[in-house]
Structures are given as C-alpha cells and as structure tokens.
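Structure record follows, encoded as structure tokens.
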Amino acid sequence: MAMRGWLRRKKTSAKDRMSRRSESHYVREIHDQLPDNIAELQRIFTLTPDLVIRQFNSLQVEGQIALVYLRSLADKNSINNNVLRPLLNQREGADKSLFELLSVGKVFTVYNFQSVETEILQGSSVLFIEGRKEALVVETHGWPQRAIEDPQLEASLKGAHQGFVETDAQNIALIRRYIPNRELKIKEIWVGERGATKLSVMFLADVANPDVLQELEDRIKLIEVDTILNTGELEEYIEDNPYSPFPQLITSERPDTVASHLLQGKIAVIVDRSPSVLIGPASFPSFFQNVDDYSTRWLVATFIRMLRYLAFIVATFLPAIYIALISFNYEVIPLDLILSIGESREKVPFPPLLEALLMELTLEMLRESGIRLPAPIGQTVGIVGGIVIGQAVVQAGIVSNIMVIVVAFTAISSFIIPNYDMASAVRFIRFIMMLLAAMFGIVGIVVGLMALIGHLISLESLGVPYGSPLAPVRFSDWKDFIVRSPLWKMMDRPKGTRPIQEKRQGNNRLKGSEK
Amino acid sequence: MRALLRMIWSTVLVVMLSGCMDRIYLEDATLSLMVGLDVNEKNELLVYMTSPVFSEEAKEKSEEYGVRASTIRESRMGFDEIVTALTVSGKIQVLILGQRLLQHPDWFRLLDVVFRDAKFSVNARMVALDGPVSEMFEYRPKDKPRLALHVTKLIDTANYRNLTVKTRAQEFHRQMFEPGITPTITELRKEKRAVKVMGTAMLTENGVYAGLIEPRNTLLLQMMLHEKQGEISVTIPIQEQNDQKSIVAGKISFFVKGVNKKVKTTYRDGKFQFDVQMGLDVSISERMFPYNMEKDYKKLEKMMEAELRKDYDLLVKKCQAAKTDPFGFGLYARAYEYKRWKKIENDWPKAFSEAEVHFKPEVSIKGNGVTK
Amino acid sequence: MRKYAYHELSLLQYILLIHGTQIGIGVLTLPRELAEHAGTDGWLSMFFGWGVSVLVSLVITNMMKLHPDKTITDLLTLLLGKWLGKVASILMSVYCAIAAIVVVVNSAFIINVWVLSQTPGYIIFMLFAIPIYIIIQGGLRIIARYSELVFYLTLWMPLLLAAALKDANWLHFLPIIKEGWQPILSASIYTVLPFLGFELAYFVYPFLKKKQHASLGIVVANTLTLLVYLHVTIICFAFFSPDEIKQYTWPTLNLWKVIEYSFLERIDIIFLAFYLFILSTTVLTYMYFAVFCTTQVFGNRDHRKHLIVLLLLIFVCLWFYTPSFMDLKKMTDIWSIAGVGFAFVLPVLLFGPIWLLQRKAGGKKA
C-alpha cells in the first residue's frame, strides 16, 4: 500500500502550487490620484524598458492624463493619430466626451490593475485620468504579422489558398468569410497564468450539440498552465485518452476545412498566436478526408478514399505480414513466390525482424531528417536515401530486395494518408505490429489487429465515439465514409457529431419524373 | 495498483519475447516439394524428398535425397541429418507412390501424418509411378525447371486437357473413406528423357493398384465424374468408307462444350441398374472424311453416339473386372436405393461388378468449325 | 432510476451481441458431432436446437420484462434475500467464467495445434489477454460495438467458405431422413451447446434501449446463429464424404485447407487467425459478465480490477498445468451441463417466483 501511494503521481499537490501562485495577482482597484497610479504601474512593470508612460493635459478633460502602453506591442501610428492628436490638438470638440474623441474602434473602461496589466500586455494603450477611479483602454494592437499564405501542411489542389496566421482575429475573419451567419457563435476563454492565451471556441449554435460544447469548455477551464504556446499543446490537455497514439482532435490550418467541420456540427477552437485550429469531436474516418474530396467527381473521390484506407492497412501491416510470412507461415505464400523470396533472402545474414527494423528505422530517419531541412538539401537526403541506401544495401547483401520493396511500398502508403498526425500514429503502430508478427506470426498480427480495433472503438473524442460510423454502426453516415457519395445525396449532417439540427440541405436534384 | 500491474506486464512481455519457439526462418527451412514413397525388395519403406536450394553458390537448384525409414515422420529425422536446413512439409506439391508400394493393401495408413499434422499440405497431387521411385528422384533434366515444379505443372496441364485425374491428398482421403467410390490417381512413368503422363491409375477400395485407364478413357471418366471441366477434346473413328490404302483414317475430332449427365438408379433382378444419360454439346474441330453436314448431321450424331457408347461400355467392363468403381456409382446407389445399399455397403465394388450400367450418350452438334 | 443507462444498447447491438456470443467453438466441431450421431441428416437436428433455444429465450425475455431495469443478479437478490442472492450471483459468475475459460482455452489449444505448435499455451493466452483487457475495460457498450463490428468484419468468411462448394457432392444428402427421426432427435442434444449464449439476455436485457423489440431481437439472434450453423454444416456435409467427416476433429478447418488461390494458399491458417475475432466475441461477453457479477456482489464499481484478477488467475493456472485434449473435452462437457442448467432449467424454475414477486410489488404500489 505504501508503494502504491509513492508511485502514484501527486495531483493534488500540483494543484496547490498553482493556486498559491495565482494569489500574487493584482486585484487592486485603480486610485483616484494619478501619481499613485503611475507608482503602482511602475511597481508592476519593473525592468520593462519598452513601457511608455506619457503624461499630458488635454483641453477636453479636466486634470492630467497619463497614456500608458508597451512600445513593442502597440501600433504607434494608431496611438499618434487616434489617441494623441484628438486629445492634444483638437480645439473645437470641447463639448464631446472622451469616448467620442478617441477615434478607435474599441474603447472601454476598466477598474482594477489586473485588467490594466492584461490589456497593456496585449498591446492596448491605457488612459489614466486624474481624479477618476477608472482607466480607459484603447485598442491599439500592432505587432509583427505574417501575410496570409498557402497552407504548408495541408496543400490542396482545388481548395482555397488561404491558410491561418498567428493572429486570432485574422483567423476568425477567415472562417467568418465562409459562414457569415449569426448562429456562428464564439466563446472566449482565457487560459494560462503568465501568457494568457485567448481561446475562441467557435460553433454553430443551432447545429452543434450543447453537451459536447459544455464538455469542451469544462475541459479547457480545468487547464492551469503558464501559457499555451501552440494548438498541439492545447490538444494534449483536453484530449480524452492521452495514452493513445491516435489524434483525437483534428488540427487544421485551412479555413475552408474548419468551415466544413463547423457546418457538420463540430466545434472549433482558435488559439491566439497559433496558425492552426483545433476541431472536435473528431472521428477516425475524418482523418482520411480532405477538402479536395468534395471538389472532385464523386466517383474519383470515392476511389481515392478507398485508396487511403487501403494505404492505412498497408502502412500498418505490410512489414508485419512480411515478417510473419517469412518466419512462421510460409505455407500461405504460393510456391513460385516463395522460391523467389527464398532466393533473395538466402544471402541476408539478419533475421527478418532485424532486417525490417533496420530498413524501417532508416526510412523514418530519412523522413525526419528531410522535414526540417531547407528544400535543396532535403532533395539530397532523398537521393542519399533512395539510391545509396536502397541500392547499396541490397548489393551488399544486408537486406533482401523484397524487403526494400516492402519498405518502399509502406513509405508510399503512409504518405497517402492525408493527415499528418494520423500518418504518424500509423508509423508508430507499424513497429508494434512488427514485433507481434516476429513473436507470433499471423496469429500475432490478428491479435494486434483485434487490440487495435478494441482500442479504436473504445476511444472517444469529447465524449463522442471515435469509431463512428463504423462502431457504433451508423449507416446513414456511410455516405461520407469509405464512399464519398454525391453531395446532393448527403441531405443530413453526419450523426457522428450528434448535431441538434440534422437536416443539411433540401432536395437539390429533380427526380426524373419532375424534370 | 496500476504501477504494480505495469511491472508484471513488462516482466511477462520479456518472458514472451524469449518464449516463442515456432519461428523457422524461410532460409532455415528445407521445403520439401515432392515426396516419394516406395518399398524395396526386403519390404522396407523408402522415403524420397526433393527440395529447392536457394544458395547462389550451389550449382544445382534442388537437392534430392532418399532415406530408409518405417514412417514418414521418422524419415524427417533422416532427412534432417542430411539436408542443410530443417525439413518442413507445408509446401509438398506432389506425393509419389511407387508401384511396389501400391501392391500392399495397408499402405494408406502410412499417410496418417499427412492428415493428422495440421502443418502438412493436403493439396499434394497424388501420383502412382510406374516403376521404382528412385528413378524419378535421380532424374535431373537439363531443359526443365526444378523437377518438382515440372511434375506439378505437368499434372496440372495434363489434367486441364483431361488426360489424367488430379487427385489431391484431401480428395484421395475422401475417396478412400467413401465406400461408394474407389480412388483414382495420376499415373506417371519415367521414360528415358522425360516424365510421361500415362493416364489414370485405378486403385481398389483399400488402395491396391488395379489397373490403368488410358488418357482417352480418362476423358470419359472425367466427363462422368465432373461433367465439363477443363478442355475436352475427343477423337473417335467413324466407319464411313473402308479404304485400306489411305493413310487418312476415317476419324472425327470434336470439342465437348457442355455435358449434361443424368443418372437413374434402380434395383432390378438382384442387381443395381444405372441408366446414364449424357447430353453432349459438341463442336467439330477435325473431320478426316468428306461429309454433307447440312443434310446428314443427324446421322453423324447417331454414329458418334454409338461410338461413345461402345467406349463407355468397354471402360465400365474393365472397371468391373478390376473390382473398382472410379465413377462413384455407389453414391447414386446410396442416394436412391438406400435400403439395398445398406446391405452391401461394406462391399460395394463387388456389388458394382455385378451391376448393369447403360450409357446413353446424346450428341448434339452445335458447331462445325470455320470450314464447311 | 435507470442504473444501466450509460451502457444502453441499440436493438442491432443487442442482436449481434447475443449472436456473437452464440457463435464460438461450435462452428468448428458441430459438423462432426452431427455426422457422428445422425449422418448427413444431422443438419435437420439444428432446427430442433434452434426451436428449443428460441422458446427458452422467449421465456427469459418475458421473465426479464417483469422487471425491466434489473439484471438477473438484482432479481436473485430480490428473490432470495441479500446473502443467498450473493451466493446465486457468484454461481452465475462462476458459470460465465467457466464458459469464457472453456472458449479461451480451446482457442489457445486450437492455435497450438494448427499454427503455433511449439509455443506454450499460457503464452498464447497472454497474447489473447491484451485485446481482452483493452475491450472489456470499456464496459458493455464497447463490447457491443465490438460485436457489431466483428459481425461486419467477418462477413467475408461464409462467402469464401462457399468456394469449397465447387467440389461439393450433393448426393451425400440423399436420401433425406435415412434412418428415421430417431437419430436426428438424439443428435439435437448436440445442438444445444452451440446455441448457448442467448441466456445472457438475463444480463443484457436491462441495457436494451428499445425494450419492446426484445423478443424480436432474441429470435433474430437465434435465427442468425441457426443460419450460420446451417451454412457451415451443409457445406461440410456436401464437401466431405459422410464417413470421412468423422475422421476430423475440426472439419470446418480442414475445409479451408483445400481452398487455394493463385496469390494465397493454405487459407486455413489465415481463416483460423481471423476466426479468433469470432471466438473473441464469445469470450468477451462471458468474461465481462463474470466480472460484472462479482462487482455486483462486492459492491465495487470498477470491474477492471476483477478482470485483471480473473485474467491473472487463468494465466497462472495455464502456466502450471497445460490442459490435455481430454481435459478440454471434459471442460466443454461441464459447460454444456451447466449451460443446460442455467439457460434451460433456470428460467423455467424462476419464471413463477419472479412473476409472483412482480404481482406482490405491483399490489403494494397499487
């Protein structure tokens, strides 16, 4: 029993630590004396050389004004033109209030230093006025931004060529352009103690299931961390089963993909400062879909879908099957094939498992090394891998040429899977299957498959079955599963996401008799 | 609890890794492709085996060995003493039985391991060899692929043209255990320069060699057994003109396009009577004599029918004399005359030798080739 | 008060869960057992087994209908009082455990004979334990989804089996009813065990969402099972000679051995490996209800710990003693006898008292 306690991770104590730190927060009211406020600010922002505190008098306002902002985050043009100029120069607008003078979109009042601190750190400017127990926040963000470019990871042939950027307002704009509808709601949640990250939970209020939304919100609210740097981090905090190799939420960098998922009744989380958007609840088949599917002919798209599932099976099991057949069950291979395999295996000094591991690991290394290299060098890696290793290894008699074929086929198959996370999961599972095959042959593979299926059907994404529409079987959702049936046939939204509004579209095709 | 389990789990995994003993790598296996069984003069069992050699250094592409043993499984020990790798039996393609072995009534029991050991292939083609098995395994043809592959292919193609039956071990097992049929297997002979398909070997109920059915009669047997299977091309003499000097015989060849067999079983006069009606759709492929087809094709059909009936009757007589029933008439007897069958169940070949079989071929000419 | 609402099953899941439980090792041996006792007329006996099973399952369903939110363990506690009820639940658990163990050990044994002849049985069991744990830990909902999926995943098997029909000889079936009805009736005893599995309606009924279809569901499940058995039996009888089939312990597997394709030979190995899916549905359900009963008895909410204990127990037993084929036969017989008791006799005995209980409770309410 003692050991049990010792081995268990101390979750409670971690929580204690977090809450103690949050006590240090400023929850102090704003003073009515300006110097006091400035002193307070200087106490909060020590060693902050980019903090600007500009004090001046204005004709329109009684008493001195202090303008506070962070030089690095605020847009200087906006401050000059829209805040300073009206307050300093304007003579005729004496009857206007301060609110009316500031020609900026968003101006609001805050009453405590905690909000002041947050706003300044977000790039807003804050106006303190002598004698008032409040401060005006003027939105003057202006930080370095990237232009909107083609998405890198999810390239598309026919889809839009806009990808998300690092500013959430921009990203929301990109999505809203697809769904200009008042039912598209956004809930803002702030996460992180230090670098408060704004999460915008986006959903179609009359489609998305409120229980799923609630579940997602509850999970986000449980997070207590310094900051969320990336969507991937958020995903790890809120996913259902952290021990699974499978991605349980979709990340996308394409606004059209997000819009399509929103229309299906899913929920998107836009993480500020991160160029990808998290979508949930996800199901296993959704990782095999792609925006292009819906803009190619449905027969072709269906064929490609099938190809992807086949690729999934091949990429997961092919090396394992090779190992099993070579070391256990060669009765299964037809005679002519077995003779040619036997001839090519004869020279190889390693057992099949080692041979396969060697080649698979080489492949993974090549792949990993290629990813982060600049394109010209990346090509060299491909040449080294393809020609030098592929050719030489066979000629040296280290690996049989059938194994090289198997590995190459596996690699190509794993590139066909459109989602990077899913492809990575497959790469990982492949090795487990190889081990099982090396230990038990075909029986090992089948038991591995059984465990894999068992795992997939017990997985859930935000409390919604991951295996849907396969397990539990929902035949109505099969229209967009292995087969991508014609769009006008998909009258209902997929039931897998439990939408509250099921009808997606009316009858868009006239029946033969109605023509 | 969880951590404890994880520890147990990992230890068990380690045990598992070391605990699998079924692995035999392909290159460590000697795949026996053809197995031969024979007895020598002293009635000792001889087991032969041939298997492919993968090594590039070896000059020959396959190795052949023979050992003396009392059972097939015991012979494996003998082979393992000689061959480079471990002998495995999962891919046996051909099982050759020597003629001398086939004289012994109990030889079938030797095959027990084939059916008992789940790893054994039951798809091996059964072959009776006319002559000693050693000849066959010593044969190393220069112009053929590995002998085992050559023989396999030979049997398969000969069977496609219906020159011989293709009885796999499983089918042979069935024929041995089915009281209403006697087994038939391929018969081969090792000629000087080649392996030749002789036809079909008839075996009696307990597996003893009872005679040969020539290829042209095997055709008839196959039609009776399987209706149309593979390609059936029949050549029969038609006595149209009797010109002694001509080198061209009055023969006609035809393809059988479809066979429609009906067997009527009755029991009359203390014996079984089988009326076999065979509807044959044929297409003439060769005609060695002039004939007015448009006018007299009915007559030609009749002549062909008569010829076929004669052939069938001869074949049945031959089988009856040898106390065999390769046609499986016993199955019909059981299906339609169950009470009578029950009485003679244990000695069907004897009952069959007394039975009467009437063949009624009904030829219908459907095609005449591209010339008139 | 819906105690089991979280694990609600749809009608299809209910059907396929029971059907999956019924199809087990029976498919492999049934053709031989029938041929031994009734020759090629054995397939007719299937209908008797089916009829009896349907009748009894309807009795069970109607019994459970009286208390739609209670499983058999709850009912037994109500009926017999707290302590006797617990004893009865433990007996139930033992029965389910025996069924699960018989199937799982048999599977390991068959794998041992056909594919991995040198690997010890306990290691094979250990391998099985991985998916068993992964699936059962999710509870009945996951098991039902699994059964459903396995049903679809294995639909290719009967189709491929029909490939053996090209060598079939239909004359084997004639004449129908060779020796009269007596052997056919006597062989129908052997069709009882293959239909076992419907008695799990005792447990599954409360989980069913649409209870009005329960009777229909269980009849459909039994009929599906009948069709599968008929299919296998008829193909086996047509393929093997009536005397030959008695030679094989598992004729269905021998059937696969013959099928050969240009790209694949020895399909029996692949078939057997995939047959583990079908066997797994039987093992999973029985094993789940074995631990379900014990959790009910001990008032424990987490069935996973019980499951681990059970798996470890089986593992250790197999480690120290490898059962011989005779032991397996004895174990299967024990299961048959227990199955007859639990599935056929018990519902008849319980129906009266439970009905009375319902009336009493109803009277109180009114």
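Every residue number used here counts from 1 along the chain in the order it is shown.
Each residue, glycine too, has its Cβ placed from N, Cα and C.
Copied over from TrEMBL:
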TRANSMEM  C:12-30  transmembrane segment
TRANSMEM  C:42-62  transmembrane segment
TRANSMEM  C:83-116  transmembrane segment
TRANSMEM  C:122-142  transmembrane segment
TRANSMEM  C:149-165  transmembrane segment
TRANSMEM  C:185-205  transmembrane segment
TRANSMEM  C:217-240  transmembrane segment
TRANSMEM  C:269-294  transmembrane segment
TRANSMEM  C:306-322  transmembrane segment
TRANSMEM  C:334-357  transmembrane segment
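Sequence-distant contacts of the transmembrane segment (C:12-30), counting only residues of its own chain at least 6 positions beyond either end whose CB sits under 8 Å from a CB of the stretch, comprise 102-103, 106-107, 110, 143-145, 147-148, 150-151, 190-191, 193-198, 200-201, 204, 207-208, 214, 217-218, 220-222, 224-225, 228-229, 232-233, 249-253, 275, 278-279, 281-282, 285-286, 332. Sequence-distant contacts of the transmembrane segment (C:217-240), counting only residues of its own chain at least 6 positions beyond either end whose CB sits under 8 Å from a CB of the stretch, comprise 11, 14-16, 18-19, 22-23, 26-27, 30-31, 34-35, 40, 42-43, 46-47, 49-50, 53-54, 57-58, 60-61, 158, 161-162, 164-165, 167-170, 172-173, 191, 194-195, 197-198, 201, 208, 248, 251-252, 254-255, 258. Remark: the transmembrane segment (C:306-322) contacts the transmembrane segment (C:122-142), by the rule of 3 or more CB pairs under 8 A.
Count of Cβ pairs under 8 Å against the transmembrane segment (C:185-205): among C:42-62, C:122-142, C:269-294, the largest is for C:42-62. Highest Cβ contact count with the transmembrane segment (C:334-357) among the listed stretches C:42-62, C:122-142, C:269-294 falls to C:42-62 (criterion: pairs under 8 Å).
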